[in-house]
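Student: What follows is a single structure, and I will ask about it in a moment.
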């Protein structure tokens, strides 16, 4: 019984430790503004001396400006993460403005390090996400101005402007650097390319179909 109790305690401790390290690093001081001149490589970014920190380190202008949606997908993402605001380092949050032309799509993608909460500012969107294997259940919703939807961390999701007017949304993410993996780009646009033997078998189509799709990326 003592052995079982010890193993249970060890398992609980390991779970608590996992949850403690499963998100962005926690602050140990008021802030940790990125030192862009540092050559130190850490998981995140090194801090610059607090005496050199200025208000501009916590500022980003221009989120009121629409992104350029003249592309194949008809959408544009304007990120505001640690790359744009050095003061976001270690704070565990970021933003993105997303613009959609009529019938524009933010294609299926995932954020490997963040949950996303999206608010529609103007227009309407059809949004959804898919759960992990083996269920692969699709959850969808039509959002209008002022509506909010959550995409759980790591799950594939999308947004589509099914209307004839432009749409704008604001996304908040639970990481200073959430990352993004666009499914089609990663699978069909990798460099070097994934073998068409692999992709043809994975998608249950012939190699010619894979070659045509890869040519688009």
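Yeah, the Cβs are placed from backbone N, Cα and C, and that goes for glycine too.
What TrEMBL lists as signal peptide is 1-22. Marked as disulfide bond by TrEMBL: 32-47. TrEMBL lists 61-211 with the feature domain 'Cupin type-1'. According to TrEMBL, the feature oxalate binding site maps to 106, 111, 116. Feature annotation from TrEMBL assigns Mn(2+) binding site to 109, 111, 116, 157.
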Student: List the other residues in this chain whose Cβ sits within 8 Å of the Cβ centroid of the oxalate site residues 106, 111, 116, in sequence order.
Tutor: 96, 109, 110, 114, 118, 151, 157, 171, 173, 178, 180
Student: Please work out the mean pLDDT for the residues of the domain 'Cupin type-1' (61-211).
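Tutor: Averaged over the domain 'Cupin type-1' (61-211), per-residue pLDDT gives 97.
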Student: Given the recorded positions 32, 47, 109, tell me which ones have a C-alpha lying within 10 Å of the C-alpha of residue 116 (oxalate binding site).
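Tutor: If one measures from the Cα of residue 116 (oxalate binding site), no recorded positions come within 10 Å, so the answer is none.
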Student: Looking at the recorded positions 32, 47, 157, whose Cα is closest in space to that of residue 106 (oxalate binding site)?
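Tutor: So, spelling it out, the nearest of the recorded positions is 157.
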Student: In Å, rounded, how far does the Cα of residue 47 (disulfide bond) sit from the Cα of residue 157 (Mn(2+) binding site)?
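Tutor: Distance between the two Cα atoms comes out at 33 Å.
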Student: What is the number of other Cβ atoms found within 10 Å of the Cβ of residue 116 (oxalate binding site)?
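Tutor: Around residue 116 (oxalate binding site), other Cβ atoms within 10 Å: 23.
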